[in-house]
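Heads up, the thing below is written out as structure tokens.
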There are 2 protein chains.
Amino acid sequence: MRPQSVQVPEDDDDNPISEIRRAIDAEDGSALLSIAETVHYADLASLYEELEDDERDFFFKTIGPELATDVVAELPFSLIEDSLSHFKPAQLRFLLGNLSDDDRVDIFQVVSKEAQVRFFSLLGPRDKELTKSLLKYEEDTAGGRMTTQVGRITPDMTVKQALAILRRDREDTETLARIFVVDEQGRLEGKVRLRDLAFNTWDTPIRDIMEDADEYILATEDQEDAARLLSRYDLVVLPVVDEFHHLLGVITYDDALEIMQEESTEDIEKLAGIAGDQTELSYLNTTSVMHYRRRVMWLVGLAFVSIASGYVMFRFGGVLQKAYVLSLFLPMVVASGGNAGGQAATMVIRALALGEIGAGTAIRIAWKEARIGIFLGITLGLSIAAFISFILPQFHPPAPESFSFYKLALAVACAITLQVVSATVLGAMLPITARAIKLDPAVVSAPSLASIVDVSGMLIYFGTAAAILSL
Amino acid sequence: MRPQSVQVPEDDDDNPISEIRRAIDAEDGSALLSIAETVHYADLASLYEELEDDERDFFFKTIGPELATDVVAELPFSLIEDSLSHFKPAQLRFLLGNLSDDDRVDIFQVVSKEAQVRFFSLLGPRDKELTKSLLKYEEDTAGGRMTTQVGRITPDMTVKQALAILRRDREDTETLARIFVVDEQGRLEGKVRLRDLAFNTWDTPIRDIMEDADEYILATEDQEDAARLLSRYDLVVLPVVDEFHHLLGVITYDDALEIMQEESTEDIEKLAGIAGDQTELSYLNTTSVMHYRRRVMWLVGLAFVSIASGYVMFRFGGVLQKAYVLSLFLPMVVASGGNAGGQAATMVIRALALGEIGAGTAIRIAWKEARIGIFLGITLGLSIAAFISFILPQFHPPAPESFSFYKLALAVACAITLQVVSATVLGAMLPITARAIKLDPAVVSAPSLASIVDVSGMLIYFGTAAAILSL
């Protein structure tokens, strides 16, 4: 029995994955095969990621192309081409034919051009045609994600005829949770549940028990929209159609789970200023150089943007020299803007990602964030003013005679309130603007926003201080 | 036919949701009812959120308790108690009895104590007992999330007997994608697929066609672990058992989607320093005061932490006054630490959330991030050194005679490299430490990390500059 945990525990020697490792170390093929057959292919794929090259070779040779098909389909895209190099042409022909059609297309989309040509020549005529037609769709569209292996029946069949068709196709069909009814031209007409077939008399016509297929998606639409439909309407299967309403395939609940997870990870990474596509490789299996590449651009770019803040500080050196006590609150005013702006941007970006915010609500959001920003700014301003008026004097900091602590409190409080309000509104509006000009809202990363409001923070702080304290 | 988009478009007058709105405005009950019956209850729930109180009353009165049950089950938790106040006791009794048992328990978990007592008294004896036993499990455990409505058969039944049982229960059963086989004590023994029943002869014993139920979860485990198992093994249904392996219920793929989405949103919000549980309400339906409450604590707390940075700057005033040109690069050194640390923390927190990082790998991660940090720090240091050596002098900034631009370049480059390396390692290790002491890794928000490395950045910058430039 497999351990319940998703983790593959490293210390536990009794689990089947550790046994497989030992079998590989001992090059004991028969032990490897007998354990591998009891383990889920998702676990075998995780194990494969951690093997050395010669161990991978032994692993695939031993488990054979049948089981290897399932393992390959679970591998991260970046490992697939290399994994297929372990097979001889005859085995590869079997493996490629044995893949479900959506997995096969995924593989064609991620391997090199040469591999594409070589693999294509190994396909049977039906698979060739199907793969060509599926490759039309971009990888991240509903069409690129769907499987064509779906139960199809026509409305004039009886339950008995339908069951006979489905029995014939059952091993090739990804799910029988929903069976779709199409007309003679293959246009989507309705759906039935397997339970409705199982629990109705054999002579019932399909037309009498089928329901409308109200939820569907165009093949050219974004896979994220497909995932949202599946989630919103609690669907197991979402039919994918072309512009003439022909049923092309289906997207299933497990695709939706994967899509949502990928998209969430991507949004989280972008928010932190991490560039590029999220690889399917896990954190530890991504090389340091790859991690470096995804982070360095933003880091260097933003560092140079920060020179703008430095320049403002440099220009206002006179103000700071007249009342160096102001430096005590400079980081606070500047950082609070970045924090408040980052909070607002995050809320709005997530709401956009979950489809909560439609077009035409930009003004409502700006107004809402302005109110929230004013509340937050005033709270911060009052707290800081109290601190400067009543607590700071106890420490006798060297301040010019020309102004009282109350005046200093007023200056800092005004500056921080202004900074928080402007940063909050900016943080909320930038992602909406990005969406309006067809950019991904998540390009407005928290660090880039912080770099922008650092500059405004410096200007607001020195400007307010100079005006109120007459420096 | 329903529009495919998840959004409820605000401008489009032809969609059924707009028609319902108009029927409510006109208080036209029969129009409302006839359109509502054609619309998915998830869309009705979204509409309900946007109605005024008296409109909600009219809405529920018109659609009746049957359809209202589905709508209530889809509402955000914070609206549920109020929504149920629209019903008379007899209707409420019907509605509560009509709910699926997991939805009913959810409702009991979120309403006030008085409402709990009142609602409980309206339940039938079987529902009372079931609700009491389910309320034992925390809301965020597998047991708190599961439904008990699952197809159960025993191994000694024939296919025909099994189908008869399932036919009787079919409307009460959440899914028939997997049917579970239990022994006489109700312990989980195996599973069959409905298709295996539908396509086998009626006298086949269940024992011959059942498979092992290898994937299951204990009722007391975290719902997130359940979602991960469903996702990893592409399951439609995950059985939930107690410590004696009794089958208690199941968690379905649509629960997994919801759980993952909730957890991702929570992680994203925590990373931005937004406190408290994510409400189920959408962004626009959350009041400004609630948004304010979730943001204000971190914002004020971090502002006061920033005084530490201010204090360092204040103490090193002498260094800055001797070479005010240093202020040009102060924001850069400080901000780069926050950016690099935030990137590292985000990668690690996401990897922990996806279960990619196990126990005992802390040292591997620290070493990996140290290498990445060194690469990043050196890249940044070299870029800045080049800028200061070759570009800055063209602008003739007023710098003391006592040091050359090359020396300034060396000082800034050393400081930024040190700052990036230390912030990267700190950013990676803090979430891991949090996990080790049983805290949520996502409490290490990017803003709090930035506040910490702001202080270290100031110290590193002034310390390095003073040493290298002999100030």
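Glycine is treated like the rest: Cβ placed from N, Cα and C.
What TrEMBL says about a protein is an automatic prediction, not a curated fact.
Under the heading domain 'CBS', TrEMBL lists A:146-209, A:210-266. Summarising the annotation, TrEMBL assigns transmembrane segment to A:296-316, A:323-341, A:374-396, A:408-430, A:442-469.
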**OP:** Take a look at A:296-316, A:323-341, A:442-469 and tell me which one has the most Cβ pairs under 8 Å to the transmembrane segment (A:408-430).
**Re:** A:442-469
Subject >> Number of helical, extended and coil residues in the domain 'CBS' (A:146-209), per DSSP >> reply: 23 helix, 17 strand, 24 coil
Original post:
Sequence-remote contacts (6 or more beyond its ends) of the transmembrane segment (A:323-341), Cβ cut-off under 8 Å?
Top reply: 309, 313, 373, 376-377, 380, 384, 388, 392, 397-400, 403, 408, 412, 415-416, 419-420, 422-424, 426-427, 446, 449-450, 453-454, 456-458, 460-461, 465, 469, 471
Original post:
Any residues 6+ beyond the ends of the transmembrane segment (A:296-316) with a Cβ under 8 Å from its own?
Top reply: 273-275, 330, 334, 445, 447-448, 451-452, 454-455, 457-459, 462, 466
Original post:
Mean pLDDT over the domain 'CBS' (A:210-266): what is the value?
Top reply: 90
